[in-house]
Amino acid sequence: MESLFIFAFGMMLSSASALSCIPCVPEECEDPGPCEYGKVLDPCQCCLICRKGPGEICGGPWNLQGVCAEGFACITLSGNPVMNLNGGGQEVGRCRKKY
């Protein structure tokens, strides 16, 4: 019984940090218009959104704050790259030129 409780609690924790996406209907996506730094699919992998440019906010959970343009990296205020593993890091950063 205790193992069932631990399993259920673990499932609650994992679902609390999951990204919920509605079913994708590409026809309902808004056109982002011209994007100076290119386009990328949104965090739900459905609609196109503009990539972020130099100095713009990026990262966060599932990269909800945006993805940097090609040749740029999302760098935290502490100077570390935002980790992008299984849904992105929790930290927000700014787009900086890769060297």
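Cβ from N, Cα, C; glycine included.
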Margin query: Taking Swiss-Prot as the reference, C47 is linked by a disulphide to which residue in C21, C24, C29, C68?
Written below: C29
Check: Mind checking which of C44, C46, C50 has the disulfide with C21 in Swiss-Prot?
Finding: C44
Next item on the list: Could you pull the disulfide partner of C95 out of C50, C68, going by Swiss-Prot?
Entry: C68
Notebook entry, point to check: Pick from C21, C29, C44, C50: which of these disulfide-bonded residues has the biggest number of other Cβ atoms within 10 Å of its Cβ?
Noted result: C50
Next item on the list: Taking the Cβ of C68 (disulfide bond) as the reference point, list residues of the same chain whose Cβ is under 8 angstroms away and which are at least six residues distant in sequence.
Entry: Y37, R51, K52, G53, E56, C58, C74, C95
Note to self: Please list the DSSP helix, strand and coil residue counts for the domain 'IGFBP N-terminal' (19-98).
What the structure shows: 6 helix, 23 strand, 51 coil
